[in-house]
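Asker: For reference, the structure I am asking about is given below.
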Amino acid sequence: MASPRLETFCCPNRDAATEFVVTFQPVLFGALGLGSAALSLLFAVLQIVPKRKGYRRLGQYALPRPASSSRILFIISLCDILGCAGIIVRSSVWLGLPNVIDRVSVANSTDVWPEVFCVGSAMWIQLFFSASFWWTFCYAVDVFLVVKTSAGISTIILYHMITWGLAVLLCVEGVAMLYYPSISDCEQGLQHAIPHYVTTYAPMLLVLVANPVFFNRTISAVTSLLKGRQGIYTENERRLANEIKIRFFKIMLVFCICWVPNIINESLLFYLEMQTDINDNGFRNIRNAALITWFIMGILNPMQAFLNTLAFHGWTGFDVDFRLQRRRELAWDSVSTSVPNAAGNNPLLGTTLLYQSHVQEAKKSNGQHHSDAISVLSEGNWASGHFDTSQQETQRSIKMD
């Protein structure tokens, strides 16, 4: 999992609260983390690889190239997968070579490799999950900007600079402060460790606070956009707006499920750390709550990789296409812009297919901005169903009248 406590554990003179949670049933904790990360990585990769049947590219519908949000969703999944890979490697080594962990706890040891692995694996995991947080924030900003100002795909370069720059800067700065003056002799004290925890949880709190605001304003803007297109709010448009709202809700729900336990656990451990004796009987319930949330974190943190793909795309199936030529056709943005070709499985219209009519109408009335606005919100949904031509005819008749 991604917790600054695991980086603090690399210090031989670690604090009592960190020692308490990390050394409690480490084999069980490592096994749970390994299993959760392995399953999440497997299903996340399965979700985003091209499928052989039932899905086809939006390119077959002659739609415009999607905006940067499709790439952002793919990069978020990639960051989550790399973070899970780090958890798998770390948990495997901890389970297979327990003496490595024992040597980390030896002060002034001449063997530096256990500490190097401990710090390196912890930084790898923190870096990619922190980058995932920053990209999630950029996704909320991107969909809002596309709706309001018609921001194009060129902004992806700016997002790369912001996300990777801040992720690397905060990770290095936090670790440098934590391991001062050296890894084998970290400076003790709660005030010394606070900058490291702030750099870890700042992007997480930013997503929890800012993303709902951006999503809510985007939904309001999209609703106004759809109403203003013809001056009416049809059933198709209502369904499209509802699909967008549900998609944003699922993204935030997954984030809260996977990361709110971290905030609760850290609050409990900080409270214990401020006490003179954390083993006092009066803190028994606090200790139990800290251990429970610690194990919940070990299971839920890695599951973000798989759960995010479900929030982004829905369930895409097991029918993976291994053909080389097909994979070339389904490169990069097809990962997040494919839709099922199975008609009649769902009575509801898929938001991606609904997008066609909105694009055509928008180009006639308000230009390319409306097209981009709907595209950025409808892409990436692995929606099922087919386009209802009778409803198209109904809308045409309304317009003619």
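Using N, Cα and C of the backbone, Cβ positions are placed for all residues, glycine too.
From TrEMBL, here are the annotated features:
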TRANSMEM  27-49  transmembrane segment
TRANSMEM  70-89  transmembrane segment
TRANSMEM  123-145  transmembrane segment
TRANSMEM  157-180  transmembrane segment
TRANSMEM  200-219  transmembrane segment
TRANSMEM  248-272  transmembrane segment
TRANSMEM  292-318  transmembrane segment
Asker: Quick one: find which recorded stretch in 27-49, 123-145, 157-180, 248-272, 292-318 has the most Cβ pairs under 8 Å with the transmembrane segment (200-219).
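Answerer: Counting Cβ pairs under 8 Å, the winner is 123-145.
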Asker: The transmembrane segment (123-145): which same-chain residues, six or more beyond its ends, come within Cβ distance under 8 Å?
Answerer: 1-2, 4, 6-7, 67-69, 72-73, 75-76, 79-80, 82-83, 86-87, 90, 151, 155, 159, 162-164, 166-168, 170-171, 175, 200, 203-204, 206-207, 210-211, 214-215, 217-218, 221, 251, 255, 301, 304, 376-377
Asker: Where else in the chain does the transmembrane segment (27-49) make close Cβ contacts, counting only residues six or more beyond its ends and a cut-off under 8 Å?
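Answerer: For the transmembrane segment (27-49), the far contacts come to 1, 74, 77, 80-81, 84-85, 87-88, 91-92, 94-95, 98, 294-295, 298-310, 313, 315-316, 318, 320-321, 335-336.
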